[in-house]
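*Asks:* The structure follows.
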Amino acid sequence: MLKLIDITWLYHHLPMRFTLAVERGEQVAILGPSGAGKSTLLNLIAGFLAPASGTLLIAGDDHTLTPPSRRPVSMLFQENNLFSHLNVQQNIGLGLNPGLTLNASQREKRDAIAHQMGIESLMTRLPGELSGGQRQRVALARCLVREQPVLLLDEPFSALDPALRQEMLTLVSDICRERQLTLLMVSHSVEDAARIAPRSIVVADGRIAWQGKTDELLSGQASASALLGIKSHIL
């Protein structure tokens, strides 16, 4: 589904270079120290950064130079990027039509995702009238209503309390399984990664330093465990 072949981003004197393959429906966590290049990797996939070289394939098609708005990708950030002057209904509708002129089918999709997110009763409220968790549900609904096959999460739930964060992670995981979406999620928490992603990638110094089973990473047995401050449980 998603393949990066020597995708290179020139960051000062440190070229970041990524080679990666992710299958359709796979849920993958991206971990690593601060400044390692995790968000850069997502931004290259989303098209917000243009690589100096390399190839990016999605579903077999070359999207290396495709503008972000035309890529089969949706991305959710820690900052939800909701428009404060638009209500929930309108913010979700932007995912379908930037002009907010929706036909009957699009309105049905908008209302269906709002119901699935549990925010159908909030449709006329402005973002400033919502809690942090509710705002992230709206932002996630706007991503999902676009029905793109790849979903990118850049620590969107890190500011939420642990119980709400776990609830949102479970919701995302369930929807991805239901729709067979390919998910890549940047996180600073290996525990969060373990809840949603059987496979993890560790990024260090602009490279993929390790990839494998999240459980192995969490146990401290992986070669990259020490990069994340995880010690082996074996005495």
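Using N, Cα and C of the backbone, Cβ positions are placed for all residues, glycine too.
Among the features that Swiss-Prot reports, domain 'ABC transporter' is placed at 2-230. The ATP binding site annotation in Swiss-Prot covers G32, P33, S34, G35, A36, G37, K38, S39.
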*Asks:* For the binding-site residues G32, P33, which one has the sparsest Cβ surroundings, going by other Cβ atoms within 10 Å?
*Replies:* P33
*Asks:* Which residue among the binding-site residues G35, G37 has the fewest other Cβ atoms within 10 Å of its Cβ, if you could check?
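*Replies:* Looking at the binding-site residues G35, G37, the Cβ with the fewest others within 10 Å is that of G35.
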*Asks:* Excluding G32, P33, S34, G35, A36, G37, K38, S39 themselves, which residues in that chain have a Cβ inside 8 Å of the centre of the Cβ atoms defining the ATP site?
*Replies:* T40, V203, A204
*Asks:* Look at each of the binding-site residues, S34, A36, and point out the one with the fewest other Cβ atoms around it within 10 Å.
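*Replies:* Lowest Cβ count within 10 Å among the binding-site residues (S34, A36) is S34.
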*Asks:* In this structure, which of the binding-site residues K38, S39 has the fewest other Cβ atoms within 10 Å of its Cβ?
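*Replies:* Relative to the other binding-site residues in K38, S39, S39 has the fewest Cβ atoms within 10 Å.
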